Every structure is written in C-alpha cells, then in structure tokens.
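Student: One structure, as structure tokens, below. Some questions next.
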Amino acid sequence: MGSKSPEDHRQGPDGGSADTAIAIVNPPKSAAASGLLQGMLEGQDEDGDDDDDEKTGIDLKTNDGAKKKRKRNKKKSKKLSVVQQTSPPRVPLATLFDNQPYPEGQIVDYNVKDDNLQRTTAEELRHLAAVRDMDDDFLKDYRKAAEVHRQVRRYAQAIAKPGVSMTRLAEEIDDGVRALTGHEGLETGDALKAGLAFPTGLCLNHVGAHWTPNAGAKDVILKHDDVLKVDFGVHVNGRIVDSAFTVAANPVYDNLLAAVKAATNTGLEEAGIDARIDHISEAIQEVMESYEVELNGKTIPIKAVRNITGHNILRYRIHGDKQVPFVKTKTDQRMEEGDIFAIETFGSTGKAYLQDDVGVYGYGRNENMNPAVLHQSSAKSLLKTIDANFGTLVFARRQLERLPGVEKYHLGMRTLVNSGLVESYAPLVDIPGSYIAQFEHTVLLRPNCKEIISRGEDY
C-alpha cells in the first residue's frame, strides 16, 4: 500500500469469467516434507509393508500329502484424508499446517560494506524499541500472514481475467484472508487478532493506488486492455504483510510490468541494515527508467512515480515514519536492524505524478486527536465501534458495514472526518489515458539476514 510523499501526504493512522475452473492448490512442498500431509499409502498396513507379501506359518495337508499355506486375509488399510487447500481458498492455515512451521520467505545474506557507520543516540533508541518488538511469536506471525497472502493471491491471479468484476475479485480476496487466518471479524475485536491489514486495492490503468469497490457504486468489469494493480495486506496480531502485483491480459504492456518488477527487485536487493535510502531510491529510478513501452505506435518512456513511496511498517500501522521514494532524493535516513519495509515501486506512462480523485478508498483513525471534542451521540458510538474493531488499521466501507449493528453511519462518519478523529483516503490518479503498474514485497531486516517474507514463486 503506497505512502504519499510529504508535500501531499495525508498519512494514515500512523499510519476468464466467473465460472472459470481452477485446479485445487496443493499445500507447499515444505509443509508436506515436514509431515503436514500424514496418511498411509493404500495397500499398506501400520508397519508400512505390503500385506500381499505376508504369509502365515499355518501348514495344511492336501489329500496327496502335499503341504500348502493358507493366506491370511489382508488387513483393510486405513485411509487418512489428506488436507488440501480448496479453490477458492477457505481452509484455515492452522488446519492446513497442523502445528507445523509456516514457510520462510526468501532469506538473503547482507552485503557487508565498510562504511564506518555511526548511529546517533536517537537512532539507537529507535533500534532497541524495534528489536524489543520482535518477540517469540514475531516470525511465526509474519510467516503465517505471508503464507495467507501467497495462497489468496494465487487464487486471485487465477480469476483476474477479462470479464471478472472488481466487486467479485475484492470479495474473494477479503473472504479468503478471513478464512485462512481463521478470523471472520464479526465479533468485537476479532479483526484485530488477524485478517485484512487495509482495504483491498484494485486499481485500473491511470488509477495508481487507493481504489476499492464500494456498495452502491456501479460495478467495474476487467477488460482485455486494462492494467490491473492488486494490492492487499494480511496481518496476524498486528504483524502486517503488504504485497502487490500487476496483471495485464494484453502483452503490449509486458515491458511496463517488467520495468516495475525489476525496479522493485532492485530495491529489495539494495535494502539492508545501514543501507542509505537515497542510494536505494536512485538505484530504483535508474532501473525503472531504462525501460520503454510501445503503445499505439508510439515509444513511451516509463517513468518512476514521483509523489508516492515505499514505507516502513509498524505494528498495526501500515505507514511508519520512513519513506523509500522511487526517484533520486536527498535524505540522511538509513535502514536499521529490526525495520520492516514495504518495498514497492510504481511506473507510469503518464506524468508520473498522482493526485486525489473523487470517492473514498477507506478510513483510518487519527490517534493524535482527542475524542472529547465529540458531542454527537451517533459519532461517539461509531468511534467506539471503529476503535474496538479496527484500532489503527485502515478499513473500507464494506468492512464496516458487515459488522453487526452498524447502520446509517454516514452522518456520524462525516462528523468524525470533519473533526479530524478519522481520516478519509481518496483514490490517487495520473492523467487519463496513462497506465501504471505496481509490484511490492515486505522485507524484514533481521540481525543476520533480510527475509523477503512475502516472496513467492509468482513474483
């Protein structure tokens, strides 16, 4: 989920067709190898041997005196059902993995650079706070969230074909995340245990970020010539995995997608403890803008979007206080041990500068505002519901509307937004007729290595 640049930044609360047949997805090989799929082969008994080879020692004499051996009846083998993910994915990961460890992300050793770097006292304190936050369940929670993301997006990629509606795609992603985390989010506080980290973003063509379907609006259908960016987040106990990809049915956009994917991978390669953010930004832009795309007979340079950035992630907060631009910048900021970053890039065939559009993508709580300013009872009640169910997580209208008892909330929400207690987020767009692509991964800067936690076989 992109973070807007400071000059325009309104930071969050810290913040085929529908009947396409999809093959059932098997669990990861690592899970099967670790004993996840436990079952006996047909025709084997409990000792693992084939009963056909077993004979009894009982001798029977025939009339001619010859001996023959009587076969013992075969034991009927017990078949244990193999746990597999369904399509669409709805089996909770806790059931699928059955206490087995969740898969690691991509582990990358650091490149040791002798910069003779010194951290200031403030940086040391910030680093210590980040390390303290990495408790015993840190990696378990992060790897679970990442595996949920991989399995849900695998299905999303399979159905994101021309003819699918954005509403269906968003609902499949939302429902998949809830099912696999095992938290439907209907009971008070359940969505804070695990689930969606922010509204599922489905942005077409010149819409760069922060668009999601809302109830009551005209549904949008994916077309052959569309460029679709799919950006969604999964959290487990506030550990947020933020990852995004782009799909395009028309191969004319292949170079656009390749440029952005290469730029994101460059950012991931450069990321690490003590890495200078200005160096990372410059490297990203150099790779991104080395590509061109031919559209309607014209060769168009691909530009790195200037006013949206990658960002660090805090617990229950999708946007922290560090940003990673995609263009050359001046900053003394460095990445630090314990940091978690969403390394993402956006490439555009337009002006590569995004502006607010009409509509609402989502809402987020502003913790810096005192709720004592509220006097309207409906607004107070709505704020209580938001705090209890979303906390500092950004949420969409459809997430709020599915909660029991939430009705006719629009006046209360308007009051909360006008008072500054809740911030609203608009879609971000480039010029009409342009096309934007996005790729994104979450990386953990662990003490001895970096782990690209959301990496999969797809991207």
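Note: Cβ is positioned from N, Cα and C throughout, glycine not excepted.
Positions annotated as region 'Disordered' by Swiss-Prot: 1-87. What Swiss-Prot lists as compositional bias 'Basic and acidic residues' is 1-12, 55-66. Annotation source Swiss-Prot lists compositional bias 'Acidic residues' at 43-54. Residues or ranges marked as compositional bias 'Basic residues' in Swiss-Prot: 67-79. If you look up Swiss-Prot, you'll see His210, His319 marked as substrate binding site, on the strength of sequence analysis. Positions annotated as divalent metal cation 1 binding site by Swiss-Prot: Asp231, Asp242, Glu440. What Swiss-Prot records for Asp242, His311, Glu344, Glu440 is divalent metal cation 2 binding site.
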Student: Look up Asp231 (divalent metal cation 1 binding site) in the DSSP assignment and report helix, strand or coil.
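Tutor: SS state of Asp231 (divalent metal cation 1 binding site) = strand.
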Student: Work through the binding-site residues one by one (Asp231, Asp242, Glu344) and point out the residue whose CB has the fewest other CB atoms within 10 angstroms.
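Tutor: Selected from the binding-site residues Asp231, Asp242, Glu344 on minimum Cβ neighbours within 10 Å: Asp231.
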Student: Looking at the binding-site residues listed here (His311, His319, Glu344), whose Cα lies nearest to that of Asp231 (divalent metal cation 1 binding site)?
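Tutor: Checked the binding-site residues His311, His319, Glu344; minimum Cα distance to Asp231 (divalent metal cation 1 binding site) goes to Glu344.
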Student: Give me the count of other Cβ atoms within 10 A of the Cβ belonging to His210 (substrate binding site).
Tutor: 27
Student: Out of the binding-site residues listed (His210, His319, Glu440), which are within 10 Å of Glu344 (divalent metal cation 2 binding site), Cα to Cα?
Tutor: Glu440
Student: Is it possible to get the count of other C-beta atoms within 10 angstroms of the C-beta of His311 (divalent metal cation 2 binding site)?
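Tutor: Result for His311 (divalent metal cation 2 binding site): 27 other Cβ atoms within 10 Å.
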Student: Other residues near the divalent metal cation 2 site, CB within 8 A of the CB centroid of Asp242, His311, Glu344, Glu440?
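Tutor: Near the divalent metal cation 2 site, the remaining chain residues are Met1, Gly2, Ser3, Asp231, Ser243, Ala244, Gly310, Ile313, Phe341, Ala342, Ile343, His441, Thr442.
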Student: Tell me the Cα distance separating Asp242 (divalent metal cation 1 binding site) from His319 (substrate binding site), rounded to the nearest angstrom.
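Tutor: That separation, Cα to Cα, works out to 10 Å.
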Student: Determine, to the nearest whole angstrom, how far the Cα atom of Glu440 (divalent metal cation 1 binding site) is from the Cα atom of His210 (substrate binding site).
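Tutor: Given the Cα positions, Glu440 (divalent metal cation 1 binding site) is 14 Å from His210 (substrate binding site).
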Student: Using the Cβ center of Asp231, Asp242, Glu440 as the divalent metal cation 1 site position, which other residues in that chain lie within 8 Å, going by their Cβ?
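Tutor: Apart from the listed residues, the neighbours are Met1, Gly2, Gly201, Phe232, Gly233, Ser243, Ala244, Ala342, Glu344, Gln438, His441, Thr442.
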